[in-house]
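Here's what TrEMBL has on this protein:
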ACT_SITE  73  active site, nucleophile
ACT_SITE  75  active site, proton donor
BINDING   73, 360  Mg(2+) binding site
BINDING   75  GMP binding site
């Protein structure tokens with residue numbers, strides 16, 4: 001009452017419900033709020049502005065008119081794989097564990113579960129625990145798994161003296177566990193079968209009371225997964241039955257053709273081998289696929305490609321034979337192996353923000369390019385499409401609207417210290433916890449959303465926001481935008497800012513292209 005009028009902040013809309021009711025009836029106010037007229041108005045309002053799963057989202061302002069050169073990774077960027085591939089990788093690595101590392105044959109009874117893990121999880125190598133960590137290094141309780149079983153919150157807190165993971169224990173810059181880092185972060189889409197296999201083998205040893213060293217188990221599983229790639233097991237299987245493993249996407253060719261028609265230069269840098277890439281690109285683009293690219297580099301060994309200044313480029317001829325002639329120019333229509341980015345920049349002159357590179361691995365594909373070389377970067381996040389579709393459902397919107405309302409009630413009513421009010425507050429906290437678990441199950445029963453924990457963005461999203469200027473579910477999203485389109489990140493309010501400006505954007509006051517109703521395929 002002593003504040004000037006311009007500093008008096010009106011209460012939130014649900015506050016009248018909480019403060020007007022007598023003390024002992026506040027419980028009814030909360031529990032009966034769900035079907036209230038206000039809530040009934042909020043849900044349709046939100047649903048009228050659903051996000052488009054095929055939109056492109058921006059972390060940093062970027063105009064496509066400034067982009068002259070487009071670069072691409074291959075796996076999960078130009079080409080997408082069917083659900084059969086992860087089963088193949090899991091089974092092949094499991095058999096390598098049995099046949100080459102002498103693991104018990106009984107682990108063959110475990111099959112790949114595509115619904116167990118999500119990308120971006122951390123694995124404590126010494127404790128053999130798989131978990132989800134937020135942007136502030138806090139473990140999301142309820143998402144810590146030993147084998148295939150969740151670890152009770154009390155045990156997690158006792159092991160880590162709370163739920164925070166110190167910086168020196170976190171994974172290194174590229175998500176690896178090295179030089180004392182006890183955490184490994186799984187950022188690659190190919191890592192989903194690795195996480196599942198780790199959990200299955202841990203589960204077998206635990207269930208059968210077999211003593212084992214978690215560090216050795218992690219190394220053996222990592223080596224087996226690596227050998228599936230290095231020994232060519234995966235490549236040969238895909239080449240032998242390409243229609244089974246590769247999802248034919250004519251839009252990949254449409255994207256490349258559109259860029260070529262607008263005079264854009266294009267290049268490909270991939271860790272995959274030459275014959276594998278050639279057969280895949282012939283399948284999804286056509287036998288003339290090399291005509292679309294100015295430079296093609298295979299077996300690049302990213303992220304070392306971006307840092308090593310010594311390895312030279314070698315030309316690969318039509319028979320796949322490596323030639324040893326010194327490379328003075330990177331020619332269109334040719335395939336080159338290995339090399340390094342510094343030589344690439346010298347030979348092409350493609351530098352700075354006129355280059356936009358797309359990849360699915362935030363560390364190996366994007367981090368060095370944006371931090372050290374000033375390229376613009378685009379992350380391909382296939383999970384984005386399915387998560388947005390979930391967020392567009394009425395059930396999810398109802399749950400989240402109520403969860404946010406419940407959080408507001410807790411914040412507003414916590415000033416009441418009498419026993420009855422405190423009892424009601426505790427009941428609200430219990431309900432809020434239940435709603436959070438319900439929200440997690442919308443996405444993944446074990447770990448929830450790729451992008452959020454209960455309270456904060458995930459560590460995965462933190463790195464995505466730092467290393468990617470834009471992100472999207474697939475390259476086909478580029479077809480929704482003109483080649484001179486400018487991406488503007490939404491001005492989300494800081495904690496000390498009023499939300500009004502952001503609310504105007506979110507309610508469709510401005511017709512913005514990430515809303516479902518406004519995106520049209522050109």
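Note that Cβ sites are derived from N, Cα and C of the backbone, with glycine treated the same way.
Bear in mind that TrEMBL entries carry predicted annotations, made automatically and left uncurated.
Annotated features, which come from TrEMBL, shown on the structure.
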{"residue": "73", "record": "active site, nucleophile", "Cβ neighbours (10 Å)": "24"}
{"residue": "75", "record": "active site, proton donor", "Cβ neighbours (10 Å)": "21"}
{"residue": "360", "record": "Mg(2+) binding site", "Cβ neighbours (10 Å)": "23"}
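Straight-line distance linking the Cα atoms of residue 73 (active site, nucleophile) and residue 360 (Mg(2+) binding site), rounded to a whole number, equals 8 Å. Between the CA atoms of residue 360 (Mg(2+) binding site) and residue 75 (active site, proton donor) there is a gap of 8 Å.
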